[in-house]
Every structure is written in structure tokens, then in C-alpha cells.
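**Q** Pasting a structure here, questions to come.
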Amino acid sequence: MAERQWTPQQADAIAARGGTVLVSAAAGSGKTAVLVERVVGRILDEKNPVDADRLLIVTFSNAAALEMKQRIMARMSELIAAHPEDRRLRRQQLLLGRAQISTIHSFCLELIRSNFQALGIASNTRAADERELEIMRRDCARACIEQFLSDDADGGFSQLVELLSAGRDDRRVFDTLFSLYDFVRAHPFYNDWLDDKLAYYGEGVRAADSIWGRCILDYAKGALGHAASLLRRALALAAQDEAVQAAYGAALSGDLLQLEQTFAALTARDWDRVQERLRLFTFEKLRPLRGDSPQKSAVQALRKSARAIVEELRDRQFCASSAEFLDDVAFLRPMVSLLFDLTRAFDRLFTEQKQQKYLMDFSDMEQYAISLLVKKAGPGYAKTELAQEAGALYDEVLIDEFQDTNAAQEIIFRAVSQNESNLFMVGDVKQSIYRFRQAMPELFMEKKKRFAPYDGKTFPAKIVLGKNFRSAQAVTGCVNFFFSQLMSGEIGEVDYNQEEALSPGASFPEGIEAGCTLRLIDASQYAGELDSTQLEARDVAEQIAGMLERGDLVADGGVTRRVRPSDICVLLRSPAQKAQAYFDALTRRGVPVWAEPKSGFLTSREIAPVVALLRVLGNPTLDIDFASALLSPLFGLTADELTQIRLTDRRAPLYIAAAKAAEAGDPRAANAVDTIARLRRFASNATADAVIRRIYEECDYMGKVQAMRMGQARRANLLLLVQYACDYHAGGYKGLSGFIGFVDRLIDRGGDFAPAASMSEQADVVRVMSIHRSKGLEFPVVFLCDTAKRFNREDLNGNTLLHSELGFACVRRDFELMKQYTTVPMQALRLELERSMLSEELRVLYVALTRAKQRIVITGVVTKPEELLCALVSESGTDGKLPPHQVRGANAYLDWILMAAARHPALAERFGLAGAPLDASEAPLTFELKAAADGEPDAEKTSETTAASPDEAALEALRRRLAFRYPFEAQTKIPTKMAVSQLAGSAYAASYRFSARPAFLQGDGLTGAQRGNALHKFMQFADYQAAARDASGEIARMAREGFLSRQEADSIRPDRVRAFFSSRLAARIFSAKQVWRELRFLAEAGERELGAYSALFTNGGETAIQGVADCVFLEEDGAVVVDYKTDRVKTPDELRERYRVQLALYRNALTEALGVPVKECVLYSFALSCEIVL
């Protein structure tokens, strides 16, 4: 294999020694390859080699940890193949098996298990599933809230409940408590965080001096600065046209003067004066001006934007005077204090309950690890003795995806390092898109700003990997064109400068089409039936089908080939509600497609009927659930049939009406009522997972679901529902009613289970997925769709907000007037959270556009595109970077894309946009605008053709080939392996098939097969000496110790056990030289060994025979095989005839397997209490 050529920056990242290093690795920069090579380089370092198990490598998913380990092992295998004589390489490969390459939580879990005594928790404490804790979490919260209410002597807590619930139900109280609890637990020493943030509500703090007031004042300075620049630009444009200047000049100058006066008040940080200036700010009405001109329209648009900024500051940000601010803080201080006290009480009770159940969640793992590794020391912390010991175990701590770390995790990394001198952190803040998981990209940025550029001497140091080896130059050029304008320290939280820009490093064959296409669908004149999502999906499907039909070329390993469906990905910000439209559109065009499963697992077409039926089993009078189950594939009734059932009795519950219809002879109603009755009897003493399995069997539901579209995915979801029920049972919760209650509470809170993943990575299909799911993947062609979807600002509109620096804020309610007011803290948090949300959305957009190797197609539905683009250009100015306040005003990805694209020559020329276009020589952007239209595009174009005359010679040759029979076809039917029971069962399978009692006629107890299995289990694990003395006692012991279930134990008859141990056969077993129970064997068998069963394998051939002998014991002259039988027969001859050949197979196979002749085969019949020698 040719030696890989590393860039100078990659080589530095691999070879850097002597201190802590931060690697800022752009998309496609070979980050993982560099990390792998660094690990190998540290192990094989000639001057200072490190053993593999002295490296701590942390990733942020189990899949990433596995991939990292596999890649390191593969690299080591390459080196061993090249240097087989190197014993050190082989030793290091063995040590890699012990190396700590894991997620942060796996590392914490290992640390906790090694030091559980120090934490005061049980050694068998395990990681809990989130759903497993839901009931406990809510019960603990309810208990705490009820306790606070009972102790509420002054009514303060009741006021808090009223404030949080907004006079409605208590759900918002629970949601606020859980949000605050989850939020603070991402911080180390989180009780200190609560104390610090409560201090913000101290007495006498002026609005302008408070942390919230400073935030609003800083925002206002930026906003008014942007407004002033808009008005100055308007004045400059007006000066270009005398008529515009005469009509608008005075008003614009007056606007600008008022802005400057307001800005002066802001600079003085005089809160009340700023509020007054904004209140008195007036925009004079513009004088009438006839005619149209570019300057007139542009000036009006600029002034309108400036006015919107002033009004937003007046009406929203400066919502209270200084006096009102002090009054709000005084009102809220006791409320916030009570809420924080409630959070602490909940934390204590929830932790106690988890410890009693030997459970912990992910935040517990982090907090336990912190308590083991660090302790408070003044304003900071000090490492514990254990942390010193742990740090000594690792020569280097390598952290992947560091941009997604939170504060609690970072302090753990620092604690296990050697005084922060041996950390190697890799990430890209531009791809930090997990703030909803408490990721804090500011931790990465703080280090990036603080660390010096790497020079080999100064540490800590930073290295920037900017060369992109994934995408064509046309793609990286377009990405740079967009983000150099959009991303800044304010929005995006990183300044997209030359250091951050992508440098093309990939090479592609000639003739490959690469670049970016912006394709808009103009729905201005559309009045059809399709919504915007369906219009866009239909257009995208046409584009993809066209690519596949034309055979567009893509690069693959240095050569070109025709594009395949799997080369194409459709990315959506939120696919839950819209992926289906793309799936349907592509399917109609005959394009194979896979769509990311919707989050609605419990409401999916296959799961919802099962959930409804489970509710009915608990309460048959639930009419809606009963009707849902009847109309679903479970029972398959039509609406007309359901109506007939209802007409049987219009007033009674539907289940009663169905029972009456069944008595009247309605077969469909009878089937439903009988099935539910059987299921209810079964469910009375069965676990939820067993009930669900029985539903699948009774209703043949698996088969019905697999016949639906996407049947495999639906089947996988059904199996996953069983697993979720098993997990619920494993958590110590019992019964069907408990599981249904758990599911209903989950639905009520808007929760859900995760659906099954059902697609192979190798499937040749177009993938429709979320941008988050695509992170780390790459595709030759990427469609970024639904870009006009508005950002989700719902979290910003709640009654409470949380921010890591600004703390907690909530609205104020006047309980007498029943009015609600916003507060200065609330507005400050809303501003900062909005900025963080927009920054994250901009990074999500960056992730989406950097998935493409060759082509990006950005699509969106718009109305009046010319007006939209003109307005954007007029506000944008001519600087290379778009004004951050304008970027902040975006409501959708398409707003950002059009802000930047409007300054591209492709659009400027197309629409005659004013303003100087930016240099886009390295950003080949194609713009397409299509009017939305009714009707489906032609999927196929057909024309009349004349059938050709058949070629008789070719037909004859075809007939001969079709008539051919492979001479050794029989050998292809020989299975490579068969169980003895398969062979033995074939002898009487046909008669058994028709004589066995059907499932619906069997009782609710154990079946005959289950009773037989219980007895076999007893004979496998029983203490024979104890059983011979006291059969009943031994059965009870095995049930007590979990070898048998209570139902199994009850099915075993002690008298028959005693009869066996009193037999001659038992005496021979006791005196045998050696005894094997449940002896498994595998032996090759041909025609001679198979005897009568050789007819199954015509024309010769051999197969492997596997089986399990119930008991084999060794005597002086050979082995004896014993097979226990529980069949209900009348005479020994029935068993002898039934199992004669099976025992013969046992004899032959075990003779070969044991190397000892089998002298005798014995059947022991527990039903007849006798042995039968064969």
C-alpha cells in the first residue's frame, strides 16, 4: 500500500508532542485518519513510545468508538504485515484490546464500578434506560410538589404553581422542574450554579447594571448601529436622484438624528433615557413621490427595515422601566428561590429512589465521576487523590468531537489529565449541532481563541485542518461563498474567515459535473391542490429521476460511472412530517427510496392498533380504542361492518354491541369478541411482552403487516414493541396495565419510543433523512430541501427560560387582574437563546452543505422571488460580510441562502439587482426558477410500436434452455445440517398436524410441550441425590432459585419424579463411571447412518446431524443413551415405534462423537413410569 501523503497541518497534528493541543478540523479534512495515525504514532514513537493501554480515547457515540478501534486495529495489522518480525507491534496489538476507547459515559461507568464504595452505592448499580426512569421521575416530582404544597404556610409555593402553570393544569410545573433539573445537571457543582443564579435576583441591582440589562443594552447598540447604517445608505441612494432627495431627504435626516440621540443614551447606559428616546421616536410620513425608480424603492425598503428595528426595541426589549425592573425582581426573587429549593428536593429524592433500584442515568454517571475526581476549593476546584491516580494511568487523553462537550464532561477530562498538559482535543465548532443535548461549543471556542498557533514549542497550541478531501472545488467554493458572508462570532459563534474556510484538496476525473444549484419553485400564481411540500417533493423527484435516466456521471475511486440511487441523498431539517411526501413522489417516479422513520412510533400505522387493543384488554368499554382495533388489520372490519355492530345496540358500549352481534350470528363480531376474551384470560397473569406476542399470533399480525408497503420496517417496529415491553418488565415493573399506563403517560407528555432502523447501508436507494442523521456521511449528490421551512422558535415563547450564563427567567403574572407580563430577565434570555438557536441553525446548514462531494441542489418554494431578492440586496450593503443583525433576522434557511446568493453574479444579472456583486469566481452557482403548475409530469413517454417477428431458431434455443434440468439437483436440496428432532418429527408430523389440539382450544395453563420442557429442565439441573431423597423439596428449591418458574414447578408431578429415582435406570446412573446431562453433539451422517431417513436425500450426499441427548452415562463396556419422554401414550410400544429411528441416529452419532461404542439406548416414559430399552 502506498504511503499516505499528509498535509503539513495534518503532519503537525500527528507528530505534536510536549503539551495540550486543540485541532480545529473542518469538514472532510481527514480528522479521523489523523486521529488514528496519531494513536499509532504515539505507540510506535522511537524516542518516547507509549503502550496502547496508556491512551484514553473518548468519542461521543458507541458506533464512533467501535469504528475508531477497528481503524486503529486495521492500521496496526497493516504494519504487522509489513514488519512480521517486530514483536513490539504484536504486543501493542494485544494491548489495544485493553485500551480505553469508549464514550465519556462508558469511561465514567468503568470509573464508578471501580470505586462504588467511595460513592456509597451498590456494586450492581447499572445504567437505566430513559423510559425505565420516566415513572419514577414523575412520581418523585409529584411527591416533592405535594410536600411543598402541604408545607406552604404563607401561600408562596401556591403562587409559584399558579405562575408556572399559567392558571391551567400542572403539566407546566412538571415540565419546568424537569427542564431545570436536566439543565443544571450538565454543569459541575450544579448546586453552586443554582446559588449563583439566584444571586442575580439580589436587592437594589439597577436594570442597566444587571446581567440581563447589560445583555439588552449590548444588543440594542448593535441593532441601532445597523439601523443607522441602513439610513445612511438610504441617504446616499436618495442623493443619486434629485426627486427622491427632495421628497425623502429631510425625513431620513430626521430619522438619523433621532437614532444618534438614542445611541448616545445607550452609550451612557442610561436605561430610562433609552426607553424614553425609543418611546418618543417618530418616523415622519414620507412626502408623496410620483413615478418609480430603483432609488425610490430601495430607499423605502431601507427605511422600513430601520423602522422595524426601532419598533422592536421599543415594544419588546425595553419592556419595563428601572423602577418596574426592581419591582419585578422583588416579586420573582422568592418564586425563583422556591423553584430552586424544589429542584434540590427533587434531586435528592430522585437520586435516592434510583439508588434503591440500583439504577443511574447518564447525568448520574457524569456527576458521580466528578465527585470522585474533583472537589470544591474556593472559587475553583482541586483534584482528588483518585484523580491523581487516574491521571497517572494515561500518557495522553484524546477527545474526538470536542465541540459537543458540556461543562461537566470537560471538567472530567481535565481531572484525568496530567495537569491539563496531555490533552489532545479534536473537533469543529462549525459542526456543533447538539445544543439540545447540552453541548457547549463555547468551550471549544474559548480554547481556540486562547491557544497559540502550533510552533512545536509553545503549549497549549492549536492546529487548523482546513483542507477538504471530500468535495470538489466547485462545492467548497460555494460553501465558502455562503458562509464567509453569513457566519460570524455573533451568529454562528465563529468568524468564518480565511482560517475557517474550506481549502479544496480532493481531485476528480475530468468530465465530472460539480457545483451548486439553487432551484426555486415560484408558487405566486399556483392555486392547485398540492401543498408546498408536495410541490417541492414532486419537483425533486423529477430532478432525481432525470439524473438516473440520463446516467449523469459521478466519480468513484478515480474513475467515472453512472449515478446510482445510493449516490443521492435528500436532506430535510425536520423529516418527521415531510419525508413521506418525498418518499411518495420518488416512488411514483419508480426511484427506489428509503425515508428516515418518523418519530411517531406509537402512532404509526402498525403500532397504534396494537396499543389500542392492549387498552381494550384492560378495559373493553373503551369505544374509540375498540373501534380502532376492529378497523385495523388486526381484525379487518370495514366501516359498514362496524356500523352494523353499532346498530345492534346504540347505547351500550361498543364491546357489548359486538357481543350481541356475535350472538346474532355476525361472524366478524364473533371472531373479535372471542379473540379478545381469550387474550384477556391470557393477559390476567402474563407479562406485557407475552401478551403482545400472543396478539401477533392470534391475529396473524406479522404476516398482515409484512404485506403492507415498507413491510420489513413495520415488522421490525412490531418486534421492537415487544422489546420495549421486555425492558419495562426487566425494570421491575409488572403487568399489562402498568405498561399501558406507562405508554399513555409517555404519549400525554409528547414522548415516544424510537423506531427500528431497517435499512442496510449497502441498499441501492435514495436516502431521505434529517441533517443531523447525515452528520459524518457523504454523498456525490445532495438535495437540501424544504429550506423555506421557518425556524422553530417555540422554545423561546414559553413562560420560563434557562441560560448557562444568564440563569433562570420567567414571566410575571398579576394574580388579581389575571394578566401576564414579560420581564427584563425574560427578554434578555430570549435574546441570547434566540442568538444561540440561530447560531446552531447556521451550523446545521453548514453540515448539510458539506455532505456533498460533487453536487449540491438547494430547493425551496417561494412567492414573489423578485421582490424578496431586491429587499435582501438593499439591506445587505457591499461589505464581504453580511450585517450580523440582518443575518439574525432570518426565519428560514432560504432567507440566509438568498441573502448571500443575491450578491452572486448569477442572480444579480438574472434579476438586475442593485449593488456590487461579490467575487464568485470559485463559486459556480446555477440559478433555476420554475413556476409551480398543476398535473403530474409524464413519468413515461410511450409511443406506438410494431412488434417484430419472432426468431424461430432463438425461440427453440430458449425452449431447450428452459427445459434443462440440473442432473445433480437433488444434492442441492441436502441441508448442511439437520437436527435429529427434525428427522424424527417428520415420521409422524402429518398425523400430528391434524390431531393436535389447536391453540384456541388450549387452556390458559402450560401446554403439553411446555410441561415437557419443564420436566426436562428439572432433569437437567436437579440435584439427583436430593431429588431421590425428597422430590417435592428439590422441585421447590429449583423454583426458589430461579431454575423453574412457579408455573413450571407446579406442572411437575413429584410422584413421577420419585418413580424415576426408584427405578433400576436411576440406580445405574448413580453407579456410572461418568454422567453427562444435556450432551450436545454434532456428527456427519450419510446414507448408512441415516437409515430409513436416507430417502430424504436422494442420489446420495451427506449432512451434519446435531442433537442433544438428555442423559448419557458410561459403564465398563460402553455408553448408555437415555432419552426422557413425557408423551401421553397407552403402551411402551407406541414410544418404541415413534422414537426407534431417532435413538438409532443418537447411537450412531454419539458413537462417533464420544469415541466409545454406545451399547444401549433407553427411553424413560414419565407418563408410564417405565424404561423402554431399544
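Glycine too: its Cβ is placed from the backbone N, Cα and C atoms.
From TrEMBL, here are the annotated features:
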type	residues	note
DOMAIN	4-472	domain 'UvrD-like helicase ATP-binding'
BINDING	A25, A26, A27, G28, S29, G30, K31, T32	ATP binding site
DOMAIN	484-776	domain 'UvrD-like helicase C-terminal'
**Q** Would you count the other CB atoms within 10 A of the CB of G28 (ATP binding site), including those on all shown protein chains?
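**A** Summing over all protein chains shown, G28 (ATP binding site) has 23 other Cβ atoms within 10 Å.
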**Q** Would you count the other CB atoms within 10 A of the CB of A25 (ATP binding site), including those on all shown protein chains?
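**A** That number is 26.
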**Q** Using other CB atoms within 10 angstroms as the count, which residue among the binding-site residues S29, T32 scores least?
**A** T32
**Q** When you measure from the Cβ of A27 (ATP binding site), which residues in the chain that are at least 6 apart have a Cβ under 8 Å away?
**A** D428, K430, Q431, N468, R470, L502, Y846, V847, T850
**Q** Across the domain 'UvrD-like helicase ATP-binding' (4-472), what is the average pLDDT of the model, as a whole number?
**A** 92
**Q** Inside 8 A of the center formed by the CB atoms of A25, A26, A27, G28, S29, G30, K31, T32, which other residues of the chain have their CB, for the recorded ATP site?
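**A** Leaving out the recorded residues gives V34, D428, L465, N468, F469, R470.
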**Q** Which residues of the same chain, at least 6 positions away in sequence, have a Cβ lying under 8 Å from the Cβ of G30 (ATP binding site)?
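**A** Spatial neighbours, sequence-distant, of G30 (ATP binding site): Q10, L465, F469.
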**Q** Starting from each candidate's C-beta and looking 10 angstroms out, tell me which of the binding-site residues A26, K31 has the most other C-beta atoms.
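**A** Most Cβ neighbours within 10 Å: A26.
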**Q** Under DSSP, is G28 (ATP binding site) part of a helix or a strand, or is it coil?
**A** coil
